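Structure first, commentary second.
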Amino acid sequence: MASASYHISNLLEKMTSSDKDFRFMATNDLMTELQKDSIKLDDDSERKVVKMILRLLEDKNGEVQNLAVKCLGPLVSKVKEYQVETIVDTLCTNMLSDKEQLRDISSIGLKTVIGELPPASSGSALAANVCKKITGRLTSAIAKQEDVSVQLEALDIMADMLSRQGGLLVNFHPSILTCLLPQLTSPRLAVRKRTIIALGHLVMSCGNIVFVDLIEHLLSELSKNDSMSTTRTYIQCIAAISRQAGHRIGEYLEKIIPLVVKFCNVDDDELREYCIQAFESFVRRCPKEVYPHVSTIINICLKYLTYDPNYNYDDEDEDENAMDADGGDDDDQGSDDEYSDDDDMSWKVRRAAAKCLDAVVSTRHEMLPEFYKTVSPALIARFKEREENVKADVFHAYLSLLKQTRPVQSWLCDPDAMEQGDTPLTMLQSQVPNIVKALHKQMKEKSVKTRQCCFNMLTELVNVLPGALTQHIPVLVPGIIFSLNDKSSSSNLKIDALSCLYVILCNHSPQVFHPHVQALVPPVVACVGDPFYKITSEALLVTQQLVKVIRPLDQPSSFDATPYIKDLFTCTIKRLKAADIDQEVKERAISCMGQIICNLGDNLGPDLSNTLQIFLERLKNEITRLTTVKALTLIAGSPLKIDLRPVLGEGVPILASFLRKNQRALKLGTLSALDILIKNYSDSLTAAMIDAVLDELPPLISESDMHVSQMAISFLTTLAKVYPSSLSKISGSILNELIGLVRSPLLQGGALSAMLDFFQALVVTGTNNLGYMDLLRMLTGPVYSQSTALTHKQSYYSIAKCVAALTRACPKEGPAVVGQFIQDVKNSRSTDSIRLLALLSLGEVGHHIDLSGQLELKSVILEAFSSPSEEVKSAASYALGSISVGNLPEYLPFVLQEITSQPKRQYLLLHSLKEIISSASVAGLKPYVENIWALLLKHCECAEEGTRNVVAECLGKLTLIDPETLLPRLKGYLISGSSYARSSVVTAVKFTISDHPQPIDPLLKNCIGDFLKTLEDPDLNVRRVALVTFNSAAHNKPSLIRDLLDSVLPHLYNETKVRKELIREVEMGPFKHTVDDGLDIRKAAFECMYTLLDSCLDRLDIFEFLNHVEDGLKDHYDIKMLTFLMLVRLSTLCPSAVLQRLDRLVEPLRATCTTKVKANSVKQEFEKQDELKRSAMRAVAALLTIPEAEKSPLMSEFQSQISSNPELAAIFESIQKDSSSTNLESMDTS
């Protein structure tokens, strides 16, 4: 410490030197010292350092002054509070000095100090005291109006301080407002401009009284309209407030918008520009309140989009060059001060109109059809705009319209809607000829910026409507070639042109381009040879696509590709051989050459084997190996049967070695490559090559990565079919891993299917020790040897499926095995595990093989229905259903008879029936539909909910077999007097909805509204199942319910309310316990709301939606958890709406986070509260991602509370870490 003080006093001494270099070096050294975390200053040193730095601010040398200012930043955080106050006092005094240089340096110093203060949310006392000190001095400096430059600096600092520390100055806000308002009429426009900026920052954190005073002042001044100059300023000010605090100004729009509309009609271009800019900020920041005025705003924008009084467009076809009046091809973004004619300000009005239309189009999804009628044609007509900056904004607005039209949601592609002929997509389709006509002329413009806009537009158009340009390729190709060949084209323009060409090639059929290949190949080949790597990279993508165009392998083509092969090959091989090129170019050269060999390899002659040798080299390189594996997979799968023999000997062992690399994408790619090589090149592979691969397989077959396991098993299946002799090697570790995987509870889906295919392929190869009985013993052994009982029920299902797969492959073995399983079920000494496996195996075998010859099968299974084990009973039920599928005439009448005659076994028998309906073919079931239907209806009023649910599922799945007849019948039962029957039919509808198209869909769409009317049913349970059905439709097939939302949502929202009459007290011994019978239905309603956010967001009134989210934040644990999830989604989907409601959302979140559990509560209560806090904190973290959220005083205060509470701070920190690591993972493309 002493040595530090000595060193610093040395520096201070040098700072008094008459030599400016000494002073500079000493100040620089002090700066270095202050930046060290370890530095500690005693009081005396602090005082001296502060005094010296303040003295150096007045140094004669500018460089020393600048360094001294920089020292203020680290100094503020190293000295005590009263020293910081000394610094601030001195700087404020100096700001009013007569010396201009001292004023300037002091204002920079103040900004530096403010920038170093801890943020308002940290609750720092230092920040509060310093800001209060500065504020008084600044307000008087601003109010004096003596020296404009002082005023401007003071306004600048005030704005800076309000933006960073506005929340700490709440007590000063009224005086700040009082000093700022008069500046809006200052004779100096610069003063007005900075005042507007300061007011913009003030409204983010000021209280309501100050905000109301400000708005009332602006409204009254606007109404007076004293001078055009001040009116312009007030409109600008309102726009700035709206941009910074749109969520607060919304309620005043009813008064503001009529005034702004009125001023649009005044003949003053500058005022018009500001008015339209104000509209833009209202549209973006006050979506709900601006809604009634959107049509007016659109009309005003459409009017002024074409406002060009000083220019005559006459007939645009006459004068090709009219577009580019100023003849510039300057690529810079023009500033506000650049325009063609000093007196003509009309371009700024047109630009404001284009930007405002952009805002409207981007924020009002629900008006898309309307936009295509009015806005789209108007924008297309303005592609001819003569002012380049305006033209860029017109293009941008149209791009926004296209982006809104992208069919990301299923309802946009809904076939029913498409037939109506007025969807956004069909309307866009009809306007494509006009778009192309307008762009065609612009694509030959001198202006680079214009041509880039054209390419972006075409790219987006094709992404939205693939195939849209089929008729227009002849018109567009010359424009693309023009930019590729143009010597004056910038690199970015060429990249955009290539990228556009690539998207067009990918999204249209090859035949469309055949007439243009001759013109396209030379410029693309030239771009592949371009010295700039980004152009090369993009050109290689295009080349790869061109190869597919000139010789498509998936369809017949008469086009002669021969003249182009040499050029395409030569330019690509040059890039493939180059060693020092960019990584992306390397990869794309490999992919492109892979495509050339795949599609044109039979025309390459001797070049083929040389190129394959290069591939072999690339396979040995860690950086290029994955891309090369993918290229080889492509080549090996080519129908041209390319000769790969020259590289297989060396290549296959290299591929085998990749299977042990710790890179998942490489393992998967390699397994695909090996699979296709075995299929197509088995005669060229040796036993040694295959053994090398087999040696690497055991570690890949494991439950830790099911996808890799699935690929490995598929490879083994191919091997069994194509190269059966190699399988003798697998009986050791590979087979052990496979059998281990069959017993894993995680084996299902694609991996299970692959496993079944493998066993069927293996058992017929006749490999030693791998015959039917050997494999059967391996699979079922553990169940019979009591030592290793399988713990998971899923394992039994997997083994049974494998047994059935083996039996299907060897049908002769079937009767004996089935007989053995029947004995296992009958045998009184069999364990439950053995019975379980035997029943499931009988079911799986009987599903595919008719077992009606086994006479005692029925009685054995029915006997198992009486087992004390629930799992055995469930397996018997499944087995009976599955066996029935194998011979419906024999078993289905038997099952129906049993359901009628055996009431005690009804539940299990209904499960058997469900299995039959789910699995049997439609044709097989058709004759029995009426009998099944009649039986089910008898049981749909059963008081037992479990039975009713099975009946409902059967009814729903049965309806799918003959929807025309059965759906109207289901609908008929909605008027049943029994609430049980009504709930059964509503639940049945849920099972008719799936996420893929079905014949029932149009019929369902017509009548689902009737089923959803049960949301008004008097019975609570019927309403609950109606919500569950609605949720299923919203999730799986939103097109069914989109048009019903206006009538459904009020009933849905109604069910989110807590009902006092459904809450009752139950006495449990000495304790009283509260039971809420309405909880389940509220939960169902909130689940529907969550689903609607993903599937029907554009049809929701988000503010009404938020009202109910707010209620949910104060509800039961389960519902709070759901609403926290909703807040996370809403923060991403509609940030501006959430921002408007932020203050109302913060309080319930704070309440959850600060709730304490009673000390004597059970452990479960503590865990629940902990989970609630974590979820609430996730919601808070999501809310804070909304720009400007932390500027809300309540949110800022809550943040301080979190950071000052160690428990909450720790939770919050871990959540932020989690979210950042999740973001990184999602970026990892491998």
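Even glycines carry a Cβ here, placed using N, Cα and C.
For the annotation phosphoserine, the record in Swiss-Prot points to Ser558 among the listed residues Ser17, Ser38, Ser558, Ser1204. Against the repeat 'HEAT 17' (729-768), stretch 809-845 shows more Cβ pairs under 8 Å than any other of 471-510, 809-845, 928-960, 1099-1133. According to DSSP, Ser558 (phosphoserine) is assigned to coil rather than to any helix or strand. Per-site Cβ counts within 10 Å over the modified residues Ser558, Lys971 peak at Lys971.
Counting residues 6+ beyond its ends, the repeat 'HEAT 18' (770-808) has Cβ neighbours under 8 Å at 727, 730-731, 735, 739, 742-745, 747-748, 752, 755-757, 759-760, 762-763, 814, 817, 831, 833-834, 836-837, 840-841, 843-845, 847-849, 871, 875 in the same chain. Packing against the repeat 'HEAT 22' (928-960) from elsewhere in the chain are residues 888, 892-893, 896, 899-900, 906-907, 910-911, 913-914, 917-918, 966-967, 969-970, 973, 976, 978, 980-981, 983-985, 987-992, 998, 1000: each is 6 or more residues past its ends and has a CB under 8 Å from a CB in it. Across the structure, Ser558 (phosphoserine) and Lys971 (N6-acetyllysine) are spaced 56 Å apart at their Cα atoms. Lys971 (N6-acetyllysine) falls within a helix when secondary structure is assigned with DSSP. Mean pLDDT, taken over the repeat 'HEAT 21' (890-927), works out to 90 on the 0 to 100 scale.
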